[in-house]
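Trainee: Questions regarding the structure given below will be posed in turn.
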Amino acid sequence: MTGPTRAIPRSILYTPAISLDRVVKAWSYDADVHLIDLEDSVPPAAKPDARAVCRAALEKAPSPGNVAVRMNELGSADAVHDLVMLTDSPVRPGIVMMTMVTSAAEVTLLRRILASAGAHPEIYVTVETVEAITGLDAITEAADGLVLGSADLAATLGVEITWEAMLAARQAMALACARYGTACIDTANFRLSEPEVLAEETARVRALGFHGKATVHPSELQVINGTLRPQPDELRLARRVVRAVGAANGGIAILDGNMVGP
């Protein structure tokens, strides 16, 4: 991980680069990172126009450092055109998100390509291939952030997108990100008509150690941001722990019947 230091996002709002007005409107929503998507949400025939929309949107962004661009698979012709647009643009995003990654070497290569044009964004990797899971340690060390790509991963595994089917991948991501200090972002919720699913899933991934969650709909941002923000009772407990440890003078503190180490 060699990108610039920034606050880890709680929420990433995905907007397809199909309409400039739609992308610019997204700036008004309360997402920590606004992502312009050039990949799955853009039909193949519309990708050239999408790059033009992306470039124009970057120039209108109030805070380009809080903008991410999700590019096409690095080994594809579309990715070549994506990179030309990104390196030629007078305004660069703070994050470039990779798709269908299979090795850490791809992350290193992309970083070198962008750096050769004077661009030094953070590199986030969508974890959506079996190879990404099996090579997760090296990929996590090379990247600045991981985002679970549940749809493609489930399709590869031949399973439904359920908590049980994605649990092993989530646990592996949380462990690897904790080891390297890498941002750990959960997949988007695809059951938009069931808001209770979003709340439960966000709370569960937070308990696993995830930092943030992706979304494709701005109506979900309040739940995501609120769930991933430290709660008042958690802050009160943290302050009490600090005071108890300080009073123990380097020894084991006891707080509410629980041992707290120095």
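Placement of Cβ uses the backbone N, Cα and C atoms for every residue, glycine included.
No curator has checked TrEMBL annotations; they are predicted automatically.
So TrEMBL lists the following for this protein:
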{"type": "DOMAIN", "residues": "10-218", "note": "domain 'HpcH/HpaI aldolase/citrate lyase'"}
{"type": "BINDING", "residues": "ARG70, GLU128", "note": "substrate binding site"}
{"type": "BINDING", "residues": "GLU128, ASP152", "note": "Mg(2+) binding site"}
Trainee: Cβ neighbours within 10 Å, counted over all protein chains: which one of the binding-site residues GLU128, ASP152 has the most?
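Mentor: Its Cβ has the most other Cβ atoms within 10 Å: GLU128.
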Trainee: Using Cβ-Cβ distances, find the residues under 8 Å from ARG70 (substrate binding site) that belong to the same chain and are at least 6 apart in sequence, listing them in sequence order.
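Mentor: In sequence order, the residues whose Cβ lies under 8 Å from that of ARG70 (substrate binding site) (at least 6 apart) are TYR14, LEU35, ILE36, ASP37, LEU38, GLU39, MET97, THR99, THR126.
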Trainee: Could you give the Cα-Cα distance between ASP152 (Mg(2+) binding site) and GLU128 (substrate binding site), in whole Å?
Mentor: 5
